[in-house]
Amino acid sequence: MWTPVGRGRWHGRALTVWATSAAHRGLLEPRLTPSRGAAAKSRTADRLYSSADRKEKIDMSRFSVENIRNFSIIAHVDHGKSTLADRLLELTGTIDKTKNNKQVLDKLQVERERGITVKAQTASLFYNCEGKQYLLNLIDTPGHVDFSYEVSRSLSACQGVLLVVDANEGIQAQTVANFFLAFEAQLSVIPVINKIDLKNADPARVEKQIEKVFDIPSDECIKISAKLGTNVERVLQAVIERIPPPKVHRKNPLKALVFDSTFDQYRGVIANVALFDGVVSKGDKIISAHTKKTYEVNEVGVLNPNEQPTHKLYAGQVGYLIAGMKDVTEAQIGDTLYLPKQPVEPLPGFKSAKPMVFAGMYPIDQSEYNNLKSAVEKLTINDSSVTVHRDSSLALGAGWRLGFLGLLHMEVFNQRLEQEYNASVILTTPTVPYKAVLSSAKLIKEYREKEITIINPAQFPDKSKVTEYLEPVILGTIITPDEYTGKVMMLCQARRAVQKNMMYIDQNRVMLKYLFPLNEIVVDFYDSLKSLSSGYASFDYEDAGYQTADLVKMDILLNGNLVEELVTIVHKDKAHTVGKAICERLKDSLPRQLFEIAIQAAIGSKIIARETVKAYRKNVLAKCYGGDITRKMKLLKRQAEGKKKLRKIGNIEVPKDAFIKVLRTQPDK
């Protein structure tokens, strides 16, 4: 007897499949294919969710608050933070022991290429100690001064830190800065002296430095070699003994802090959260204190170091949360999440990052504007310290003026745009934010404030409109071997710096503190410092407000016509040097014309530097073989008159590649 066993579609037509027996039905049933749309949907769903469903979910309720430790690893660049994190992951069985375990938590391509940590990464470790199961939430942080915002954010989710110091190099500038970040947050500090296996390692000297600079007794220091795994077990024991458990209450309403987030094109925003109170589970409705929108939690879990879904997350734990936030503006770092009908006092969040460097960013081709806009929005979710302002230029088209925390931050952002979103951009020379105090009540009414901030040099107000200009200053800390002290001081004085302090941290290392104008260090100061100290000096800085400065707006003229894109703000004493450098760069970049081009740097009506691009010249004397000199003079005079006329009516169009060469980030020669 024929019986229908299923329905399907073939070439768009509905079909019914029939079979005569159970055996035939068994053969035919697996071959049934649903409609093409349904099949595509099911394949997409499988790809999105099967990986999460296949993982065995961990029961997080077995970790009581007393058995949780949240800590960060902080250090100067290249002192072995990521290597120590690798060993801790191996010791706790989070990852298998192999020779390939290098920078496991550094997931970005730019991090692996440069060998530095750019993004703070979280990992939850499960560790047995004296019969108790502990949950250790580790956050590996960046070491470079440009990413100190990442460090300060990470510390908000911690109760203690491991301060790693290189046994060979000793305390460096960023070690000092990171220690004080932890100290101000009132966290427990465990000093760890790393790289004791090196031939020139001197742990005893470093112990004395730590005692002198940080006032931490030398017997609290743990000497390890993260590369070889020597003594790393003691670090885990110290974390359990010296770092307190989080002070939280699981019975209180949910209060979760979003301290980081990433964007996934399939699942939307993945938020890294630290739970201060309550419990969150899949299916819960949550509200964002920032947007007041309600979301449904699709998935919660811990990073182990990859995503590991769990049934619930409890107060005191650090994990990730996916709640269907599809718009890049919804994931505000520093936001507080809570349950409906149980509103809570929002957590203080984070002090917004203050940009130190501004640069123009434009697509190489204007047709790529929308793609680049989408890429910038998605990348700023992951890197919330970048500020974005719309901007446009006659030569380069529509773009943005982006604010960064430093030059390396700018380079890394550009590299991530290229690698992760395949976007090529033009980045202009970095500038710093200046301020101007307006003089008249009419202008104050027009701008709606007395003190205006200038991030685009083209908007720099005239001297007649202001009472004074202000430039940003920073307090720089330089740690250098004492044999380079004289050279370092000369470099600082050449950059208009004022010495504030000088202290010997041991017999042969000096810590210098200087007040620098920010625009003097923003481009090439770090490179100059490293080259004159053979790479031994280290540099760190912090914001120190604004000071009055004698600033001028320098225009670049081509045959008397102003080129708006090349306007720069400089200190009056440096105007001639900078103007000459830009004129020389333009001379090399501009194509020659049939007439002469005068490239001038001007302050107001005063020309301070000039270069000339010579005209192409036809040899009009080629047909004169001998003969009277007056004949030759007549031909040359006629040619000169023609050139003069051409120069009057000739229009200089600066080609885009010439702009790119001049504006592209490069230190002054």
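Indices start at 1 and increase along the chain as displayed.
Placed from the backbone N, Cα and C atoms, the Cβ positions cover glycine too.
The domain 'Tr-type G' annotation in TrEMBL covers 66-247. Summarising the annotation, TrEMBL assigns GTP binding site to 75-82, 140-144, 194-197.
Sequence-distant neighbours of A75 (GTP binding site): residues of the same chain at least 6 apart with a C-beta under 8 Å from its C-beta are K81, G143, L163, V164, V165, D166, Q174, T175, N178, N194. Here H144 (GTP binding site) comes close to V77, I116, Q174, G406, L408: these same-chain residues lie at least six apart in sequence, with C-beta atoms under 8 angstroms from its C-beta.
The local packing around D78 (GTP binding site), expressed as other Cβ atoms within 10 Å of its Cβ over all shown chains, amounts to 17. Of all Cβ atoms in the shown protein chains, 27 besides its own fall within 10 Å of the Cβ of K81 (GTP binding site).
Its Cβ placed at the centre, T141 (GTP binding site) has 27 other Cβ atoms within 10 Å. I196 (GTP binding site) has a Cβ environment of 19 other Cβ atoms inside 10 Å. Summarising model confidence by region, the domain 'Tr-type G' (66-247) averages a pLDDT of 83.
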